[in-house]
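TrEMBL annotations:
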REGION    1-30  region 'Disordered'
COMPBIAS  1-15  compositional bias 'Basic and acidic residues'
DOMAIN    112-278  domain 'CP-type G'
DOMAIN    121-276  domain 'EngC GTPase'
BINDING   Thr161, Lys162, Ala163, Asp164, Gly211, His212, Ser213, Gly214, Val215, Gly216, Lys217, Ser218, Thr219  GTP binding site
BINDING   Cys302, Cys306, His308, Cys313  Zn(2+) binding site
Amino acid sequence: MARPGRRWDESDVRVRPGRGSRPRTKDRPAHADAVLGLVTAVDRGRWTCLVGTGTDERVVVAMRARELGRTPIVVGDRVGLVGDVTGADGSLARIVRVEERSSVLRRTADDTDPVERVIVANVDQLVVVTALADPEPRPRLIDRCLVAAYDAGMDPLLVLTKADLAPAESLLADYEPLQVPAVVTSVHDERDDGLGALRDRLAGRTSVLVGHSGVGKSTLVNRLVPDADRATGRVNDVTGRGRHTSTSAVALRLPPADGHEDGGDGGWIIDTPGIRSFGLAHVDPDQIAASFPDLAGGLEDCPRGCTHDEEECGLDPWVADGHAGPAGRARLDSLRRLLRARSGESTD
C-alpha cells in the first residue's frame, strides 16, 4: 500500500548559511600586553615559567597557544604570556610568543637523522660533565659535545668528576691543544673538591650541563643548588652504565657568590637528562673550523667543499708555514678529531 504523499513548502527547504566574504588571513594578534617569562621546566604539555622580578617574582604554569603550532618551546626560552599570569594555584596562562633566541643547542638522534631536536635555548656556556672512573670516560662523546658547543656559539667547559677514583692528568692532556678550560672535582672529598672553582666558572652565566648517565651530574647540581633535590643514582655493576635519574631538563638559579649576599648574579644552570648519543647531522664542518681562530686564515686556501681532512686541504700548508704558531699542528689534529667525531668516525 503506497504511503500518502507529503506536501512541501518553502519552510521545508534547508538553506545552507552563506560563507563570510572576509578572506582568511595568517595575521595573528600582536599580544602587546603579553608578560615576559623564562621557561624553567617542561612537562607533558605544560611549561613552567618564571615571571616578574624581586618581590613580584612568581612561577606561572602555561600551555602553548594554538597559533604557535609546532614551534618548539624549550627550557631557557623567553616567552610572551597572556591569560592568568598570577601564578595562583590551579591557574593556567598561554604562551603566545617565543622571543628571539641568542643561542640554541641542538642534536639529532644519530648522524643520519635529518630532524634536529632543540635541547635548550639562550645559553652561553656548555658544561660537559664526565667521570674519571665508574663509569669510564667516553672521549668520543666529549668530542661530540664540544662540536655542538662550537656550532651553537657557546663556550665549552669540561668538568671531570670522581677525581678520588682516578687521576685526571691523561684526559686533561688530550684536551689541552683545544684550549678547553677544565675543572676537576670530587664529590666525595670535602677538603678540596673543586666546587669553588666550578662556582667561579658558572657565576653570572647561563650554563647547560650535559653528560651521560652515572657521571655525577645530578650530585653536582645538588651541591651547587642545595634545594634542587635532583634524583641521583648509581652505576650498574654489570653494564658499567648509569641509569637515567633526571628525566627532563630544568633551569635552576645558582645562589649568589660569596660576598654578594645582596642578590648578586650567581648565574643559572640547566640540568639535562643523561645522554647516550649526540647526533651531529645538522653541523656544518666550516662552522667547527671557524671556532679555531688561529687556523681560520688557512680556510681561504681550501678547495670548495673541503672536508679539512684531505690532501688538498689548505690548513696543512698554513700550519707548516708557522701561521698557527708552535701549537698549530696539535690544534689541527684536534680540529680533525672533532670533524671525525661529527662524521661518526672513531676518534681513538
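Glycine is no exception: its Cβ is also placed from the backbone N, Cα and C atoms.
Just so you know, TrEMBL annotations never went through curation; they're auto-generated.
Structural mapping of features recorded in TrEMBL.
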| residue | record | DSSP class |
| --- | --- | --- |
| Thr161 | GTP binding site | strand |
| Gly211 | GTP binding site | coil |
| Lys217 | GTP binding site | helix |
| Cys302 | Zn(2+) binding site | coil |
| His308 | Zn(2+) binding site | coil |
| Cys313 | Zn(2+) binding site | coil |
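In the predicted model, the domain 'EngC GTPase' (121-276) shows an average pLDDT of 84. When other Cβ atoms within 10 Å of the Cβ of Gly211 (GTP binding site) are tallied across all protein chains shown, the result is 25.
In this structure the C-alpha atoms belonging to Cys306 (Zn(2+) binding site) and Gly211 (GTP binding site) are separated by 31 Å. A separation of roughly 46 Å, to the nearest angstrom, links the Cα atoms of Cys302 (Zn(2+) binding site) and Thr219 (GTP binding site). Considering only the residues assigned to GTP binding, Thr161, Lys162, Ala163, Asp164, Gly211, His212, Ser213, Gly214, Val215, Gly216, Lys217, Ser218, Thr219, the longest pairwise Cα distance works out to 19 Å. In this view, His308 (Zn(2+) binding site) is surrounded by 21 other Cβ atoms within 10 Å of its Cβ, with every protein chain counted. Here the C-alpha separation of Cys313 (Zn(2+) binding site) and Gly211 (GTP binding site) works out to 33 Å. Lys217 (GTP binding site) is surrounded by 28 other CB atoms, counting those within 10 A of its CB over all protein chains shown. Neighbour count (other Cβ atoms within 10 Å of the Cβ, all protein chains): 27 for Val215 (GTP binding site).
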